[in-house]
Each structure stands twice: as C-alpha cells, then as structure tokens.
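The structure appears right after this line, and notes come after that.
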Amino acid sequence: MDKLVVEKLDLYYKDFKALKNININIMEKEIVAFIGPSGCGKSTLLKTLNRMNDLVEGCRITGHVTLDGKDIYKDMEINMLRKRVGMVFQKPNPFPMSIYDNIAYGPRTHGVRGKAKLDDIIEKSLRDAAIWDEVKDRLKKSALGLSGGQQQRLCIARALAVQPEVLLMDEPTSALDPISTSKIEDLVVELKKDYTIIIVTHNMQQAARISDKTAFFLLGEVVEYNDTEKLFSMPMDKRTEDYITGRFG
Amino acid sequence: MTKWKEKFMEFIFLIAACTSVMAVVLICIFLFANGIPAMKEIGFLNFLLGEKWKPSNNIFGILPMILGSIYVTAGAIVIGVPIGVLTSIFMAKFCPKKIYTFLKSSIELMAGIPSVVYGFFGLVILVPFVRETFGGHGSSILTASLLLGMMILPTIVGVSEAALRAVPDQYYEGALALGSTHERSIFFVVLPAAKSGIVAAIVLGIGRAIGETMAVIMVAGNQARMPAGILKGVRTLTANIVIEMGYAADLHREALIATAVVLFVFILIINLSVSVLNRRS
C-alpha cells in the first residue's frame, strides 16, 4: 500500500528551483534511501515530507504530497503531520534536559499524562531504539552527557515515543563513528517492522545495505527510483551508473 | 627602534588597564577604612540590625534602609522580570521584522534615559497615579517598585534576548519535528535551554535596581523608619547616603560611609553570583 506519494512536486527557494517535478511513491513498512551528491535536493525533499521547509524563508512548493491519500499541505494540521511523520536529524540534537524528559517531551506535547503511562512509553521507546540497557540507570541525568552515537539513538527513541508512522532520517550517521553507525543501521532494519523509513545518506554502501528502494537525485531531479538491488546492480540511467561507480560526486 | 616602540605601547596599555583596577581598589580602601571603624564604634549588630536611625541622637541603625532597599528591589523584580522576560521572548522568537527594529531601538533608548528623568516621570505621573488608585501619599514602596521595574527592563530584555538567541536552532527544530507547536517548543525547550542566561539577566537587573538612587529618592518618600506597608514611604540605602551626605559630620558622616559599605557588599554578592552563573553555563 502506498504510504506517501509525491506528485509533480516543484520546490523553490525564492527564485531558485531546488526540486524539479518529483514523483515518488513510498510503500508502507519499507526503507527508502535517498542518495546523490551534495546539493542535489535529497534533504530538501525529506524536509518537505514533514514540512520542516516551512521554516525556510522564501520556500514554496507546487504539486502534491499525500500521506494515506491526504494532502499534507491542505488537508492536515501541521503538528498532526509532524506527529505522524517523525524526524531524526543529521546532528544528534537531544534537548539540554534529562534523558527521561527528552523522551517524555513528545508524549507530553500530545497530551499523555500520568507517570506510569509515561514510564511505559519511555522504557518502550528506549528499548526500541536499542539504548535502554545503556541508559536505564541514568534516566534523570542530562542527555548531553551521552556519546554522539548514544545521543543519536536517544533522538530516535524520542521520535518513536510519539508513535509516528513514518520516520525521516537525514544522514543520521554522518556525524558518528563506524561502530555507532553499524548500531544505527541494525536498528533501522529492526524498525522496519513497524515503521516506514526514509533515509537520506551520503554513503552508498549504507543505502545498499539497509534499504529496499533507492532514489538517486541529481540537480534537483530524481534520476532513477527503483529497488535497491536493481539500482545498484544494473542502473538504467548512465548518470546513476557513473555516480554509483564513483565516477563523480 | 620598533622594539622600543612596542615596549612603550605595551606599557601604555598596562597603565590603562591598571587605572580601572586601581579605581576599584581605591574605592574599596576608602569605603572600608572609613566605614569599618564607624561600624565598630556603633557596634556591628546595632548598626546592621538597629531599627532606629536618629543621627541627632547618635542612633545609627540601618535595618530600615536595608529592608527598604530589599523591598523596593524585590518589587521591581516582581514587576520587571515577567514583563522583561516575556518581551525578550517576543523579540527573539515572535516579533515580525518590521516591528523589531522599532522595538529594539525603543528599548535601547530606555536604557539611555538619565535616571533623573525617570524620577521626574515617576514624580509627575506615577505618584499621583498610585495615590489616586491605591490611596496613601503616593510616594511609596509600590511607586518606587513600579518605576524601578521599568528602569530594569532594558537590562533584562537585552541580556535575556541574547541568551534566547544563543540557543541553537536545532533544539527548536527538534521540538517542532515532534509535532510540538511554535509556542510550546519555545516555552518548554528553548526557554529552559536559555535558563542560566535569563537568570543572569535577572541578577543584573537586581544589581541595577539596588544601586539606583536618583529616581528612587524622587518617588519613595524617604522616611527613615521600618517599612510599614507597600503604600507607605520607605528609604533605601542609596537614598540614605545622598540625602544626608551634604550636612553630615563626624560619626554621622562615617555611618553614611558604612551604609555605602553595606551597599557595596550587596553589589559584590550580586556580581559574584553573575560570574558563577556565567561560568556554569
């Protein structure tokens, strides 16, 4: 079933056309990777999907993005959209508060009250993000004391705590060491059972390792969108081939 | 030649730096050398906790003035902090660009208005206002608090706004991405992240309020007696010094200097707590 559909999407930053006629269907409980050189528009498209681009001055779009058939720009309240479509940022950004409060922030925002209920959500989220064992004895300590990799998994747990349907990940491992990276990759594959995941990555091996489908972006266009296996083994477009074989980018 | 020049300039800079340090040191020496003996003569406890200030009878208790300063400052904080902090939140996070320039320059202008002008405004506008609205003579703790609350606004707004702007955008974006509204993200994530800066702003405001003299004298009533209610007149430490310095002699004069010592210690504590706060953040 199609979870997210992007149709004829153009995006402008003032006069600059950053995305050109994007058409992508994303199925439920799939991992989709966006790859491409810097400045190709992959992060821009990702931020369109939860409307974080609204924060950018002079940004406007034409075309449609639908979540479960509903237009996210017209038929949906923005905070509800962001609850359903969670996001993990490139740089781990835990709030400067305790680990517990970091995770509790989202549920509290959406009206969850009562310590027992919150405790449950927090434990479940931290377990799902594979960080429970590392932090269970220091929930009341500041989240800023964690290592970079732990902080990123905490941010994933924080996103999971509001029970999203889709998880957007913007180069979530680019600031991390190889061990933390592999932990996050395992986690993403694990999360596929319950969530639809879209991950932007610079790392083609990462895309090949974890994603079901891959979209290759170049200069604001989707050059090729296909099953990951096919895209990497026999790319249809010459430009895709050049990129994945390392001839440019 | 150049080497000699450099040495010479270095020496000039050193002298310049020493001048301000020397000024502080000299003030300290002057205050303590004159104030401490007076306190001893009056008796430390009699001086600090004495409830009567009657220089003509050689009774020098400054508790009324200590309390006066504390009450007036506390009142200024109660009035100035909520307005100031909310203004800074508005300016840093909600203000449309067009209004911002206007608002920012008005607040900067507020900081530049001489305190005697504030005092005159208080005398002409606030004193009658308080008299007609709440009763009493008009010159009171409440009036002084209102006026000081206004006077500390530029300090609180300026420093809090800088603290709010220094909070990395990623916190705000992280909160938004969880489906939190603009308002909630700011009040529950950005504001707590700027907490230490805002507390520093408040403490600086306290310092400004407790040291203010001219404006307070013009609206506080200045009776040297124990504060009896917020609609009654009160005398602050600063007012005590200024009002009597002109004609004081001997022990009376030294008692006023000792009053300045107490004020100085207050300011010292406030500055220390600011630097502790800054170090922690």
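Quick reminder: no glycine exception, Cβ is built from N, Cα and C everywhere.
Residues annotated as domain 'ABC transmembrane type-1' in TrEMBL: B:66-274.
Annotation source TrEMBL lists transmembrane segment at B:12-39 (among others).
Sequence-remote contacts of a segment are chain residues at least 6 beyond its ends whose Cβ falls under 8 Å from one of its Cβ atoms, and for the transmembrane segment (B:59-86) they are 38, 42, 46-53, 141-142, 144-146, 148-153, 155-157, 160, 198, 201-202, 205-206, 209-210, 216, 220, 224-227, 230, 234-240, 251-252, 255, 258-259, 262-263, 266. TrEMBL lists B:59-86 (among others) with the feature transmembrane segment.
What TrEMBL lists as transmembrane segment is B:107-129 (among others).
As annotated by TrEMBL, transmembrane segment applies to B:141-164 (among others).
Same-chain residues lying 6 or more positions outside the transmembrane segment (B:185-206) and placing a CB less than 8 Å from one of its CB atoms are 73, 76-77, 80-81, 84-85, 88-89, 93, 152, 155-156, 158-160, 162-164, 166-167, 171-172, 174-176, 270, 273-274, 277-278, 280-281. What TrEMBL lists as transmembrane segment is B:185-206 (among others).
According to TrEMBL, the transmembrane segment annotation covers B:255-277 (among others).
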Using a Cβ cut-off of under 8 Å, list the residues of the same chain at least 6 residues beyond the transmembrane segment (B:12-39) that approach it.
47-48, 60, 251, 254-255, 257-261, 264
